[in-house]
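Here's what TrEMBL has on this protein:
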- 4-11: motif 'Cysteine switch' (MOTIF)
- 30-190: domain 'Peptidase metallopeptidase' (DOMAIN)
- ASP100, GLY101, ASP124, GLU127: Ca(2+) 3 binding site (BINDING)
- ASP222: Ca(2+) 4 binding site (BINDING)
- 311-358: repeat 'Hemopexin' (REPEAT)
- 359-405: repeat 'Hemopexin' (REPEAT)
Amino acid sequence: MKSPRCGVKDVLPPSKRGVSRDQPQAFHTLGLKWPRNEVTWKIVGYTGQLAQSIQRRAYYDAFRKWSDVTPLVFREVRGGNADILISYARYNHGDGSSFDGKGGTLAHAFFPGKQPIAGDTHFDDDEKWTMGTKEGTNLEIVAAHEFGHAIGMSHSNIQEALMAPYYQGYDPNFQLHRDDIAGIQSLYGRPRNTPRPTARPRPTPRPTAPSGGGSNCDLKFDVIFNGHDNRLYAVRGRNLYRFNRDGVGIESGYPKNARKVYQRFPKSPAAAVQDRYRRVYVFKDKRVFRYTGFRLDAGYPKRTIGKKNFFRYPQAALMWYDGRIYLFKGDKYSIWRDDYKEPPPGYPKTITSFWRGVPNNVEAAVRWNRYTYFFKGQNYVKLNDRSRSKYFGYPKKKAAPWLGCGPRTPK
């Protein structure tokens, strides 16, 4: 029986010619990389086995694994050409690397270069592609592996590494192995927001309550959102809070005046959300602000048209795993896009018709570490994205798992 694996050959770089070619090596590259840090990608073909929105979300999350640890920015384009073209095929499909039916070769990708096919990524459409289940082959995990090739990574002989040649099965919490991170950073360097420390800091015990009289333990969010720098932020009034990197507790040095970090950031915003291009939208009364990095984009804030428009005065905003942005107000929600002047046909809908267990008048929402969370008062709900219902045991108090108050508990 053929073991499912990547179709890229386990090539050996010239610097390791003394090592046996019979086995793939611990991380290595061929020195091939994109000459700039912005890499474009385009979907030119879908599989019929999954909704297109789910496939697109899988690619975004897969690319993000690599952008989180490098200065790389991956941008989807809909028209024209792109560095990485994504498609599905069966057997001989004209690139010199045929597929072999179900099992065996799952996908392959081409290294960066000047050839027209450089970076292109192909998936075998005879495989059973799935998301969120142990059945079949997980699209996001395989995509993350293939995109590693498309940006210059070769195979590793570290079995636990993402860039190992053989598919290891579904892991709902999969992350890059340190071997993967070392490999890709040897090509592109570290992310700009995390410079290498000159000395390894000693670990600091987490306090049972934040400093300053424990006032953060009762913190009520106006908004909570993901920043362009892969950090989690919350705002209350004029104060901007940044969470520690693990998402638990407020980072030392915060809160800060939000306007001293984000240009013209509104006081007491109603909702905030990051889109799939890492831009942050902030809603306040009749206006929408959009940020690229910490700077307000030209032409913003914009006004929402129509006195009775649902998009005015939202209470929470969320980019779900399908890549769409949703606004919540009262007992209703709607899909939202920057170019929508009003909700699309059929919207708004009642929250309980789709998001079971999510309270009305939700005050904040965020997707963090592959899970979806809704906040109201001092409580929060964790959502099962597959069933669109809350997990057992929720709502819970947010003080310990989010604000680091008291014994540490999982979110």
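Backbone N, Cα and C define each Cβ position, glycine as well.
A map of TrEMBL features onto the structure.
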{"residue": "GLY101", "record": "Ca(2+) 3 binding site", "contacts (Cβ under 8 Å, 6+ apart)": "ARG90, TYR91, ASP124, ASP126"}
{"residue": "GLU127", "record": "Ca(2+) 3 binding site", "contacts (Cβ under 8 Å, 6+ apart)": "PRO4, LYS102, GLY103, LEU106, GLY136, THR137"}
{"residue": "ASP222", "record": "Ca(2+) 4 binding site", "contacts (Cβ under 8 Å, 6+ apart)": "ALA234, VAL235, ARG236, GLY237, SER268, PRO269, ALA270, GLU363, ALA364"}
Could you give me the DSSP helix, strand and coil counts for the repeat 'Hemopexin' (359-405)? 5 helix, 21 strand, 21 coil
Residue among the binding-site residues ASP100, ASP124 whose Cβ has the most other Cβ atoms within 10 Å: ASP124
What does DSSP call ASP124 (Ca(2+) 3 binding site) in the simple three-state scheme? strand
To test your reading of the Ca(2+) 3 site: which residues beyond ASP100, GLY101, ASP124, GLU127, same chain only, put their Cβ within 8 Å of the Cβ centroid of those residues? ARG90, TYR91, PHE99, LYS102, GLY103, GLY104, THR105, LEU106, ASP125, ASP126
Per DSSP, ASP100 (Ca(2+) 3 binding site) is which: helix, strand or coil? coil
Predicted model, mean pLDDT over the repeat 'Hemopexin' (359-405): 89
Could you give me the DSSP helix, strand and coil counts for the repeat 'Hemopexin' (311-358)? 3 helix, 17 strand, 28 coil
